[in-house]
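Single-structure report; data block below.
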Amino acid sequence: MGCRDVHAATVLSFLCGIASVAGLFAGTLLPNWRKLRLITFNRNEKNLTIYTGLWVKCARYDGSSDCLMYDRTWYLSVDQLDLRVLQFALPLSIVIAMGALLLCLIGMCNTAFNSSVPNIKLAKCLVNSAGCHLVAGLLFFLAGTVSLSPSIWAIFYNSHLNRKFEPVFTFDYAVFVTIASSGGLFMTALLLFVWYCACKSLSSPFWQPLYSHAPGMHTYSQPYSSRSRLSAIEIDIPVVSHST
């Protein structure tokens, strides 16, 4: 498998990266990070559940799909440390992952549409597809770490809240969506690393174009006769001898 070809591994990693970024978007916007369930013993009243997200908060009665209270300014007054950290970490992870997707796309497009012989005028602008995929893999790994760590911490912080107050806090499915998306980012990075390691025997340097040697004036010179480069000593001059 050569680095000059677009393989299923790079295409699959790109699609996996898109799905993971979409999952991070969903996890960031979902108002289902933590539930606070308030149980009443009055038969004339219903139990109340408060759904807490990173940006909004919603309170519902049991059996109702409408929010009794919908706080759109919750993100300004978040009083839970793990959610405050997630407000910063998840958008940062999305930005890093989108940059990795852009690098991955540049590498694939350069591999698919670039000619085998580069233009001498564009020699300084040539891109190493393998280098793009390697850096993209590192960025995907970084994005997964940035999003996974605070998401797991939110689970343990939930236990801290139950010990500090009452056992009424539970984490909701947005935590699982984010953890699964972070796992997808790690899988994307792994696919790109495997692809790079499979073709690392290529002799091109890390960030040089994917050719056996860097293109230059001596490599792509205008065609002319090879004998014109020979010196007078190297040119074979026929000698005519007269027999006596």
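Even glycines carry a Cβ here, placed using N, Cα and C.
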Can Thr111 and Asn162 be said to be on one side of the membrane, going by the domain names in Swiss-Prot?
-> no
From the candidates Ser77, Ser116, Ser231, the one which Swiss-Prot records as phosphoserine = Ser231
Reported in the order helix, strand, coil, what are the DSSP residue counts of the topological domain 'Extracellular' (32-87)?
-> 10 helix, 18 strand, 28 coil
Per-state residue totals over the topological domain 'Extracellular' (157-174) - DSSP helix, strand, coil = 10 helix, 3 strand, 5 coil
